[in-house]
């Protein structure tokens, strides 16, 4: 007789309490100290039944946080730039965004980035205020209409193709403000971003909230804990090379590159996607084939940033973002978007973005070349005479592609992907390998809040006892089949005796 589902849950809770009473805990290794891994570790550490002993293992030598990296000065006398070189904005338009909620909970100071100023190179005109707001509203409406039509037809095409078709059908001029605004959106500038899997708040809209003095403040608070919460145990300089399932001991061996190894009950793998794609982390036995299929099909978008410090501010203090259309197609995505960081750290900093196809030439450029291009862009935005009166005092650049153990930016859905591709990450690989990361969930794919939610989801799956329940069900089925086989054999023997 099969055990009812609710009784299985009750039995699991009773067994958990018994193990705690006997001093037994579930040892968990979280591999990766980015937002996904830290979220998983925090949920497990806060378990009310105190069932889990959690250790976070981070490969980087000097910090945790993954793509959240606020460059900080260790010396009070240092004159180096302090700024976010990775994730910078939070999306306030996402319902119940967990990171926004955490900022409120921790009472971390935040602000809105402020209004946009948009410069069109074709006519050297600056757009702002009501006219720009109205054009942005129309651009979003056009984008959503284009995506809706593509989804209705059911044939996957790129966001760019869907938008171009919509612009053509509406008879809009290529240089109209609505047209150039929509062509400045990130998803439009990724050649093969899937229209069928497009979500407006995933990449293009709603990113308007900044954390004062950098997002690392939020990450530090997650690690440190809220009020009576215990700090997380973070182990830096721990490069995991292999995860091996020991069937005999019902344990998972985690082997580090320096030759050490540990034995745990469960592992949450929260490493960047490239670490799995390039086989920097091995599994024994290998993961199911569908995992490798998904990892092979997922694509990564690249983005980099520079932060330029000037002797004093010369740009409008009330504006948060300055965007310009490229003068030629080869300039697209290369320092055409600038962020006013004075609102973040009260310093004369401007942050410039390099995205997608433009990153290739960025990597080959010297700081001097990049500074020259940056100044030329800023002269277009704020006037040649104004910019010439001020000096660049410092320049800081990111290098995510070459960053060891990260190797890029974030995943995106490409043309031809289907939603089922992400189903492989929904369930663990039993007896206890779970996955978390911005690439493991279609809902929030490539976003910071998506990464956080994936860590929470992985922790909750572990806490639910899914693998233990599955093992019991398999054992029950095995015993049931054995009894049926024995009964069948007895029947055969009985008939032989009668003969």
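Residue positions begin at 1 at the first shown residue.
A Cβ is built for glycine as well, from the same backbone N, Cα and C atoms used for every other residue.
Straight from TrEMBL, the features:
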SIGNAL    1-23  signal peptide
DOMAIN    35-462  domain 'Amine oxidase'
BINDING   58, 59, 240  FAD binding site
REGION    475-499  region 'Disordered'
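Features as recorded by TrEMBL, highlighted on the structure.
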residue: 58; record: FAD binding site; Cβ within 10 Å: 27
residue: 59; record: FAD binding site; Cβ within 10 Å: 23
residue: 240; record: FAD binding site; Cβ within 10 Å: 25
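The FAD site is defined by 58, 59, 240, and by the 8 Å test on Cβ atoms against their centroid, the other residues of the chain that qualify are 31, 32, 33, 57, 60, 237, 238, 239, 271, 405.
Taken together, the residues in the domain 'Amine oxidase' (35-462) have a mean pLDDT of 93 on the 0 to 100 scale. In the three-state DSSP scheme, residue 58 (FAD binding site) is classed as coil.
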